[in-house]
Amino acid sequence: MSQNLDQQVTLTVTLPDGTTKPLPAGSTGMDIALEIGRRLAREAVAIKIDGKAVDLSAPLTADCTAEIITFDSPEGKEIFWHSASHIMAHAIEELFPGSKFGAGPAIEQGFYYDIASEHRFTEEDLRAIEERMLLIAGRDIPIVREEMPRIQAIEYFRTVREDPYKVEILTDTLKETETVSLYHEGGFTDLCSGPHLFSTAALKAVKLFNISASYWRGDQSRESMQRIYGIAFPTEKLLKAHLSALEEAKKRDHRKLGTELELFMLSPEIGSGLPVWLPKGAIIRQELESFLKEEQRRRGYLPVYTPHIGNIDLYKRSGHYPYYSDSQFPPLTYHDEEGKAEQYLLKPMNCPHHHLIYSSKMRSYRDLPVRLAEFGTVYRHEQSGELNGLVRARGFTQDDSHIYCRPDQLVDEICNAIDLTRYVFATLGFTEVETRLSMHDPLNPSKYGGTADVWEQAEKDVREAADRMKINYFIGVGEASFYGPKIDFIVRDALGRKWQLGTVQVDYVMPERFDLSYVGSDGQKHRPIVIHRAPFGSMERFIGVLIEHTAGNFPLWLAPVQAVVLPIAEDVHDYGSEVRDAMHRAGIRVELDVRNEKIGRKIREAELAKIPFMVIVGQKEKEGGSVSLRRHRIGDEGAFSIQEMTEKLLNEIAAKGLTTKPTTNA
């Protein structure tokens, strides 16, 4: 045996299951994957070494823990899609020489790249770029990381790549960085921190969706660019499944169903981002509000109402102005009889109004907690390109509550708010819920109010409550509000998409700004702590998500029309009216269809209208004082007396259960 081999250093690699693998120093993540199995090596996207994601080609230098990252994980998808954006840029550079590249990140579903090019991209170009991406993938080009001094990288991108955008990033964003990383992919090179795929060969299927206008660094005063969106997968099967899910999502689009089911309308004459509830949609909203109001009453909340506008000084005091000035409507200026000017804002938040309600009288420690609740409408000047039906609007109603409590009550009150939010989601059929503890970014203190000590205590309280409620949570650094940390609830709908809905927030800042107090057992004034809480988040957004989650097949208690009576022939119209009236008196939302149409057509149209129950009556039912009951999407449920049928529906309404579990079928 040679002297070199005798002296070769062996490293110990510990896998997630606790087993260890001895490997020579300099082995790579791909070597580890191959040691475990060739199939895993084929599926590997990157590897975590001591908890940090790195390239599969990175050499090992010490004993470590290792975990292979595959496409199945969120982190794996992000790495795969980020690499796909590089492959797309590579393809564009080959097809359209002279193109320059801005930002090209992975996003929640795929990736995009901003391109500066004299060529105006078309749909036909997208198909050509897809083909070239697959051709590049077929070349099995290694994706190689190179670390380089920043000064040298500036010269490289200035003279070799001739890319002014990367030069700007290197001289501006990364000016404090000594060493940067580049990724080479054959003749294409990009500036990136990585990690990336081992080779282009991992990409097996790609779809580019659309082209939109963008600006360099999102600044409208800078260069105009073209943004191309796409998604890629390691198998053709996964792409087909994704495209199928997109088609299903189109069928479930709340804007489409909202029109078809006559739930709400959007009118340019009223204004962009200002949805109007039609009678059927208003019923859904009223039912949800009544449900939460009753649950809040049971849990000790007190209802309040506040105006739609407020003096601008109120929002300056709270800090909402200027923190949210970019997303607020311009102030309204009012001059009184003496010419004195006062400025008002369309209410961007309910919080300041509630704080003044709390401070309108002296509070004792025995009075706390005080739980104020309101369905309060607020207004945000969202950019027109960000508006999306109900889920992103300029005027929306929050199920807002503010809880004022003593320090010894805080964790209990946070837990109660978490419990209420969970109850709401479970009742509405959202069974997959992720929880994010949104913390402040200590490197960006100017973004937040309050002191470092206050933030440390608030975040400690949030963690304690989450742990007590046995929540599986993840940390979101920089996701906190300016006044405190949050517990954000992210639901997964029937198509697997994620939506952030409810929130619970702890606030030590506003009590100081509004000089809130209570008299303690020692006779001295003390500061309460505020909890901001909204299980729905906003009524508009929640209902928009609920429409898509259920595909408009609402549970019986929420359905705008809970049943329709369908007479088979004209000679039983009178009996149909009798059945309808009995159901109406019982409190069931019911309609009567007396059109001169065949019963089969009436049933089909009731199914299309997604009415939960069809009550069919013919001569036999009239003579027997009965009805034939049919359930939407399921079919015949049998014969019942009018009273039995009414009781059956009322029991199901009272139970507030989903009539059927949400499915992927509309």
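Cβ coordinates are placed from backbone N, Cα and C, and glycine is handled just like the others.
Binding of Zn(2+) is attributed by Swiss-Prot to His402, His532, and the same site annotation extends, among Cys192, Cys351, to Cys351. The average pLDDT the prediction assigns to the region 'Catalytic' (253-555) is 93. For the recorded Zn(2+) site, residues Cys351, His402, His532 set the reference point as the centre of their Cβ atoms, and the other residues of that chain within 8 Å of it by Cβ are Met349, Asn350, His354, His355, Asp400, Ser401, Gln505, Asp507, Met510, Val530, Ile531, Arg533. If you take the C-beta of Cys351 (Zn(2+) binding site) and look for same-chain residues 6 or more apart in sequence within under 8 angstroms, you find Ser318, His320, Asp400, His402, Met510, Val530, His532. In the three-state DSSP classification, Cys351 (Zn(2+) binding site) falls within a helix. Summarising the environment of His402 (Zn(2+) binding site), the number of other Cβ atoms within 10 Å of its Cβ, over all protein chains shown, is 24.
Other Cβ atoms within 10 Å of the Cβ of His532 (Zn(2+) binding site), summed over all protein chains shown, number 24.
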